[in-house]
Amino acid sequence: KRGSCWRRVPWVSLSCLCLCLLPHMVLGVSLLPYGSGAGDLEFVRRTVDFTSPLFKPLTGFPLGSSLRDSLYFTDNGQIIFPESDYQIFSYPNPLPTGFTGWETVALVAPFWDDADFSDGRGTVFYREYETLYGEHNPLVLQAESWIRKITNNGDYKARWTLKVTWVSAHAYPAQWSLGTNTYQAILSTDGSRSYALFLYQSGGMQWDAARHAGSPVLMGFSSGDGYFENSPLMSQPVWEKYRPDRLLNSNLGLRGLQFYRLHREERPNYRLMCLQWLRSQPQWPSWGWNQVSCPCSWQQGRWDLRFRPVSIGRWAPGSRQLCSFTSWRGGVCCSYGPWGELREGWHVQSPRQFAQELEPQSWCCRWNDKPYLCALYQQRRPRVGCAAYRPPRPAWMIGDPHITTLDGVNYTFNGLGDFLLVQAQDGNSSFQLQGRTAQTASAQATNFVAFAAQYRSSSLGPVTVQWLLEPHDRIRVLLDNQNVTFEPDHEDDGGPETVSAPGVLLSHSGHEVSASFDGSATVSVTALSSILHASASLPQEYWNLTEGLLGIWNNNPEDDFRMPNGSTIPPSSSEATLFHYGMTWEINGTGLLGKRNDQLPSNFTPVFYDQLRTNSSSDQDLISSCNGDRSCIYDALATRNTSIGHHTLALHKTYERVNATFNQYPPSIEGRHVVEAYKGQTVLIQYTSNAENVTFMLRDNCTDLKLFENGTLLWTPKSLKPFSLEILARSAKTGLSSALQPRTMVCYCSAKSQCLYNQTSRVGSSSLEVASCKCDRGTFGHYCERSADACEEPCFPNVSCVPGKGCEACPPDLTGDGRHCAALGSSSLCRNQSCPVNYCYNQGHCYISEALGCRPSCTCPPAFTDSRCLLAGNNFTPTVRLEPPLRVIQLLLSEEENASMADINASVAYRLRTLHGQAFLYNSEVNRIDSPAPASGSPMQYWTVMSQFQYRPWGPVIHFLNNQLLAAVVEAFLHQHVPRRSEEPRNDVVFQPLSREDVRDVAALNVSMLRTYFKCSGYEGYNLVYGPQSGFTCVSPCSRGYCDHGGQCQHLPSGPRCSCVSFSIYTAWGERCEHLSMKLKAFFGIFFGALSALLLLGFGMFVVLHFWGCPRTRFSYPLDSAEASP
């Protein structure tokens, strides 16, 4: 077979020769499975233009630096990301300049050109793949594998994918076009990264570029915010642009596959994180969270030992937190403001899972702009308030034991031994507290020297804690008979030392050690004056279920002194009677504190208060500072130690203050929790409280809001500047405060009837939500602020649009409606004609030309000069061998407008895009520099901006970037009359004028360095030549005097060839006609001619000499003869 190929005519056999010599051909990519059999949906309209329904990925779609909410595809080979759901157009005419990144429409274009499905041929299939939770799909896996290989990122996992396949699409007008296009676009995102794959069916891209009348096809994408990429084919000849199935993807070794990274930077997608977390949680909590509430104030909760202060750092800046945990109903954390007001509460399943619980709350409710996600989060984690909060009921034992029962009855009991202080049990748990007393020195009184508490629950075994008094008022603590060593908490310097174990949290601070049992019962023990003082607090679950020295907790003091046998004595009983009552609760046998080591007298009887007072006439100095307090007087007289009496008095006041704080509640705030307003219109809401002397105020001031002290709120929305509304109510009587954070919804639609308050988006991390708009017919835009106009879609190139009327007529020799134009005539004249095989050489494109009478004609690459793409010689733009590094400069800017970072970025980009050559790419860094304001007045902000430009091989771009850019930037910032755009961020920030020192070089490449990045591929013998105005150009040696001595140069596929010309005497020869040889005939002609000339010359001379030497007698006369005559 190879021989048969060689026998063909050399140039005609180029394609066969290549097939013979190449051992392996590069394969064209196969489209991913599509059509009804692949589960796709078909969508086609038999009109000149049509658009698909909107796709709304739950995660959004990262494009450039934005997260887009919706997208749609068109018949014209685009996938468009509209600014609003009502801004839906087909845009049939591609941009003549290619993408620049700042197009008014963000889109991905696998093949943007005017297609036509109106004649019933061709169709479009699509399918959406949602794999938020790791669902398996073979097509998605194939796309992932390509993305991983190209990006060299093995962890990419798609969460949303869209496949669109345009099948047998005809060019406009369909009835005149011959070839069709079949291609596919795959959009894929993992929520943070996004990519596009364009697949072109091998041999399936058949549109006739020669008949195309408008701007050529455009492939690539633009984010609309400065990030873009054009297909490498955009710098190639028109005929190559229309054959993307031939373009080789070097990463995968496949033809017809283009790949684009669509995200500018990788950002966390909190929508996705929230959705995945929601999927992992039951829709309604299965454990008893409805029974957990927050204390209504920090002051209240700080004394509730079921709650402990917790630092959660960045999760709640500017606030304080208290948390409580139980094994059987989870936990709760409560956040409080600077005045102690409860701001919010949330559920926490485990004390070790702060981040795991708080992160989802931030994902769903703080860090994304979709309030509906927060509503879903609150279904899984209902908000925690304080309406159901019930403070614990305290009881205490202080000094030479003075006991206050759970119902608040005070009595003194100086029994000696081990006693049951309280025992309680409900359906889920049980609690028991025992105490051990010893004689107080030589006094006829006792005091506690040890306590032991045991807690059991349905999910925990018994947990036992013992407090043992040691010398120097130290307490030794045992947990389940093991010594406890407290160590400082390095994360909370100055806070209590804590030890956490299953079912109990121990805290140590100074002389006090506290235990919180499973977020239920608490015990706090203090060592002062060699005496243990204790308080115990029980939760509401133990109401009416207690017994022991702390009484029956049922809010009835009359039955507190009930003995184990069920009999009861009245609270007014004598001390002696109460002493005998107390002894009935002595523990017989071994209790929680184990066996005593000392021997107790069997008949110990304490001294009673009346006995002490009888003998106290000489001891007034001991009791003078007790202020009549009975407990203080007793302890001072019984022990003969005033400090013990003072400690008893101080502890009694502290516990009384704690009990009072437990029962003080901040004022309520009653009023609307959702506030709806319309732009520019004032809404009035009245807030009230159930308490007296309450003052209302705002936590943060806002220019659009005003709250009067009586609770009247006025809101007049004038802008969308974010704010967080938090209303505070403060009681003048108690000093306690409450907070309310209403949802604030504003509508900026053009008409109030267009407002959708049930569909909102949050502004930043604020409480402000913006209502969506349902545009009326004929309006579109974010707020339906724009009227539909026929000029919204660009007309055909060079066709003007008249507002309110539409596009004017098509250019001469074209027909159409002004938006769609095509060449006159009908291709049906040549429908039965076809191009001969291999008619055009060197990858030229053959088509049947009507102008040539239906004869074949060639569209050639730019290098070729003849009609069949055989002879090269024209100059052309080189291809990019390797993408060159970017040209980078740094700008030092200042402004006085308090602009945001987004405003600075947009404003700088706006100016740099106007520079010569349009080489600006994007700003890679925008940073604010902290600097003092000038003394003259308004504050000045200082910024550094890193701007990047792209080297291009053509035109004066290189010369401009390397030699004129810095001066041009300074000039651009002198003229700052920039029109204001309607959307945010603004691009009209006015900067202070720049000096040359404010524009700094960061990275640049000279011409020699840039030369290595470009090549003259595909054409043998071309030279890469640089000129300041032309840039890099591939130049044929034929145009630069390659052939000497007038030789004619032809640039063949193998390189330049010289055809030497002959002169009258000489002949040029050599590869470049550099040699000259004299012709043989000319030599002899010259030789004999010269010889003849010499002979003739000699003969002539002979004749002349001959005649010159002859006698002249005829003319001679003798002188003497004349003289002789007369």
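Note: Cβ is positioned from N, Cα and C throughout, glycine not excepted.
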Exercise. When you check TrEMBL, which of C846, C869 turns out to share a disulphide bond with C860?
Worked result: C869
For this session: Please list, for the domain 'EGF-like' (831-870), how many residues fall into helix, strand and coil according to DSSP.
Result: 0 helix, 11 strand, 29 coil
For this session: Six or more residues out from either end of the domain 'EGF-like' (1035-1074), which same-chain residues have a Cβ under 8 Å from its Cβ atoms?
Result: 11, 14, 841-842, 863, 865, 870-875, 1019-1025, 1082, 1086
Exercise. Once near-sequence residues are set aside, which residues in the chain of C869 (disulfide bond), 6 or more away, have Cβ atoms under 8 Å from its Cβ?
Worked result: C840, Y841, N842, Q843, G844, C858, C860, P861
Problem set entry | Helix-strand-coil residue split for the domain 'AMOP' (266-381), DSSP-based | 45 helix, 26 strand, 45 coil
Exercise. Just counting, how many other CB atoms are there within 10 A of the CB of C860 (disulfide bond)?
Worked result: 24
Seminar exercise, completed: DSSP puts the residues of the domain 'EGF-like' (1035-1074) at 4 helix, 16 strand, 20 coil
